Structures are given as C-alpha cells and as structure tokens.
Amino acid sequence: MNYEVVIPAAGQGKRMGAGHNKLLIKLRGRPIISHTLKVFLEDSSCSKIILAINPVEREIFSDLIKDLDPNKPISLVHGGEERQHSVFNALKSADEGGIVLVHDGARPFIRQSVIQQLVQTADSSGAAIAAVPVKDTIKKVENSKVAETIERSSLWSVQTPQAFRISLLLHAHAVAERDCFLGTDDASLIERLGKEVRVVQGHYDNIKLTTPEDLYFAEAILRNNQKGQ
Ligand code: CTP
Ligand code: MG
C-alpha cells in the first residue's frame with residue numbers, strides 16, 4: 001500500500017550543540033538527513049517525500065537532494081517555529097485521500113518492516129505509532145524528591161514514524177492550531193480528539209540523534225547493520 005512521508009528537518013539541533021542543524025552532521029561521509037531520505041527513496045511504496053526545512057538552508061538541502069539522485073518527488077516546504085508547525089505546513093502539500101507517515105529527519109535507522117505495519121494499521125484504524133516498551137524504571141520527581149514510581153508495564157517510549165489517514169491528521173492539526181495546543185508528537189493531536197491511536201512495536205535502535213553521545217550509538221548501529229548485509 002502506497003503512502004507519502006512528511007519529514008520535519010527544520011530544527012536547529014540545539015541539544016546536539018554542533019552550532020548548526022544537526023541533520024547536516026555527517027555519518028560515514030553522508031549527512032544524517034541523507035541516511036533518512038535513503039530509506040524512503042528505497043521503499044517502492046513511498047510515492048512522495050515532503051521535507052520541511054528552514055528557508056535559509058534551502059540551497060544546502062537542494063544540493064544534498066541532487067546528490068541523492070531521487071527516483072521520486074521530494075518537495076521542499078518551509079518549516080516553522082516548532083516541530084508541529086513544520087509538520088502542519090508540510091502536510092498541506094500532501095495529496096488528500098491516502099496515508100501519510102510523519103518521520104523525524106533525525107531518525108535514520110527506521111526499518112521498512114515497521115513502516116509497512118504502520119501504513120497498514122493506519123489504513124484500517126486511522127492512526128498508528130511506532131513505540132518500544134520502556135526499559136528503565138520511571139519516577140516522577142518534584143524538587144529533587146521522588147513523588148511517585150510509575151508502573152512500568154504500561155509505559156512505552158514513543159518514536160516516529162507515526163502514520164495517519166491524511167484527512168484525519170490535517171483535521172487534528174487544524175483543531176490544535178485553533179486551540180493554540182502544542183503537542184510533543186502528532187499522535188497527541190489525534191488523542192485529544194478522543195480518537196484511537198494504535199501502537200506498533202518498533203525497534204530500540206530507531207534512535208533519534210539528539211545529543212552528542214547519540215553519534216557514537218549511531219556509528220555502532222551502522223556498523224552492526226553493515227555486518228548483517
Ligand atoms: N524540527 C522541525 N521544525 C522545528 C523543530 C524541529 O522540522 N521547528 C524537526 C527536526 O529537524 C528533527 C525533528 O523535528 O528532525 C525532531 O526534533 P528534534 O530532535 O527536537 O530536533 P531539533 O529541534 O533540531 O533539536 P533541539 O530540540 O535539540 O534544538
Ligand atoms: Mg526540538
């Protein structure tokens with residue numbers, strides 16, 4: 001089943017501390033965002049890629065896309081102040097009627113098998129997200145004191161991709177904008193409408209490259225993936 005993908009790539013990467021957009025940091029000689037784009041260029045079910053970028057980086061991204069020699073359309077749209085604004089703006093360029101995946105540019109290690117399950121689940125139920133069970137014990141802390149230990153068995157760490165019927169996600173974003181609601185992921189915009197969001201179990205190595213030590217983990221994951229080829 002075909003889908004389109006929205007990739008927010010307009011962040012500043014402040015926590016990575018590279019002094020520029022972290023997606024341009026190179027892993028094995030190629031920018032992080034090129035690794036992410038490659039997954040979708042290699043997936044024949046992906047019909048179109050919509051990349052939300054910071055307009056001042058347009059030339060850099062255009063050149064990088066040229067180097068990838070894409071076999072399908074990649075549209076560049078302007079990102080916004082927050083990730084949610086970037087996604088909403090990109091969504092407006094999606095063809096209504098099908099399934100859209102939203103996937104962070106900073107997660108280059110997503111697997112095709114998970115993408116496929118997400119698309120199928122979103123097609124049948126409206127919304128599906130990738131997540132993994134939490135491994136650590138999670139405590140709520142207030143003023144440096146433990147307020148509560150949260151029962152771990154029901155906790156999942158949520159990732160992207162998140163897959164949706166395009167019409168549903170567009171509606172959820174429009175309502176969130178009207179209500180001035182800012183969520184930390186797209187599924188939360190659906191949840192607040194009282195709609196069901198299904199969970200597809202993903203993989204622990206689908207990390208988001210966020211802080212400098214994530215670059216070491218990324219090298220290890222790349223090494224491991226290469227061994228398996
Ligand atoms: N993103 C975006 N528009 C924004 C903020 C973030 O498109 N206004 C994108 C990032 O480029 C990234 C994804 O959303 O691919 C996930 O965000 P995050 O990991 O938080 O990246 P940054 O916002 O760049 O990093 P930081 O929060 O550390 O500044
Ligand atoms: Mg951010």
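Cβ coordinates are placed from backbone N, Cα and C, and glycine is handled just like the others.
Those TrEMBL annotations? Automatic predictions, nothing curated.
Taken from TrEMBL, the feature site 'Transition state stabilizer' applies to R15 (among others). Residue environment of R15 (site 'Transition state stabilizer') contains 13 other Cβ atoms, counted within 10 Å of its Cβ in all protein chains. Secondary structure from DSSP puts R15 (site 'Transition state stabilizer') in coil.
Over all protein chains present, the Cβ of K22 (site 'Transition state stabilizer') has 26 other Cβ atoms lying within 10 Å. TrEMBL lists K22 (among others) with the feature site 'Transition state stabilizer'.
Annotation source TrEMBL lists site 'Positions MEP for the nucleophilic attack' at R152 (among others). In sequence order, V134, D136, T137, I138 are the residues of the chain that are 6 or more apart from R152 (site 'Positions MEP for the nucleophilic attack') and have a CB within less than 8 Å of its CB.
Here TrEMBL flags K208 (among others) as site 'Positions MEP for the nucleophilic attack'. K208 (site 'Positions MEP for the nucleophilic attack') falls within neither a helix nor a strand when secondary structure is assigned with DSSP, and so counts as coil.
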Close in space, distant in sequence - K208 (site 'Positions MEP for the nucleophilic attack'), Cβ under 8 Å, 6 or more apart: D104, A106, R107, Q159, T160, D214
